[in-house]
Amino acid sequence: FTGSAFGSAAIWQYESLKSRVQTYFEEARADWLDKIRPQKRGDFRKQVNSWWNNLTEGQRTVTGIIAANVFVFCLWRLPGMRRIMFTYFTSDPSSRALCSPMLLSTFSHFSLFHMAANMYVLWSFSSSIVSLLGCEQFIAVYLSAGVISTFVSYVAKMVTGRFEPSLGA
């Protein structure tokens, strides 16, 4: 999984860089169009755009991860989803589903405090780590760390003989 994550991140990073270079040259040619284009309307949209544009690249990257974590947290609150959540969003070495929970449990938090603390820490160092690695490599590190920590959890549960489910990276 980790090799695939970093290989995919390298391809994504290359394509992203290629796209930025193409966009730069296209924008240079199309600057005169901005003067004749009508302005977009909507105060709320302008506020959201202003907020988004003021974020660092790291904060924009982590916003997607936080949204995924909040979405999964909300799914835990739906009674009809409990069986699916326990099957696929908790890591349990005695479960029939072993591989997908290794990734999906990375986004799973049952406690609001657990999720809020993890997301705050992620937000706080996101700018510096993304500026160091790039957003593509950061996402590969995040996903790989989640899968590897779940694997270590599986090994620890097998060694101790405690097979209760757990969640979170």
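Just so you know, glycine gets a Cβ as well, placed from its N, Cα and C.
All TrEMBL annotations are machine predictions without curation.
Per TrEMBL, the features are:
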type: DOMAIN; residues: 102-169; note: domain 'Peptidase S54 rhomboid'
type: TRANSMEM; residues: 61-78; note: transmembrane segment
type: TRANSMEM; residues: 98-117; note: transmembrane segment
type: TRANSMEM; residues: 137-156; note: transmembrane segment
**Request:** May I ask for the residues of the chain that lie six or more residues beyond the transmembrane segment (137-156) and have a Cβ under 8 Å from a Cβ within it?
**Result:** 1-2, 5-6, 8-9, 13, 58, 61, 65, 91, 93, 98, 101-103, 105-107, 126, 129-130, 166, 169
**Request:** Could you put numbers on the helix, strand and coil content of the domain 'Peptidase S54 rhomboid' (102-169), residue by residue per DSSP?
**Result:** 54 helix, 1 strand, 13 coil
**Item:** Arithmetic mean of per-residue pLDDT over the domain 'Peptidase S54 rhomboid' (102-169)
**Value:** 87
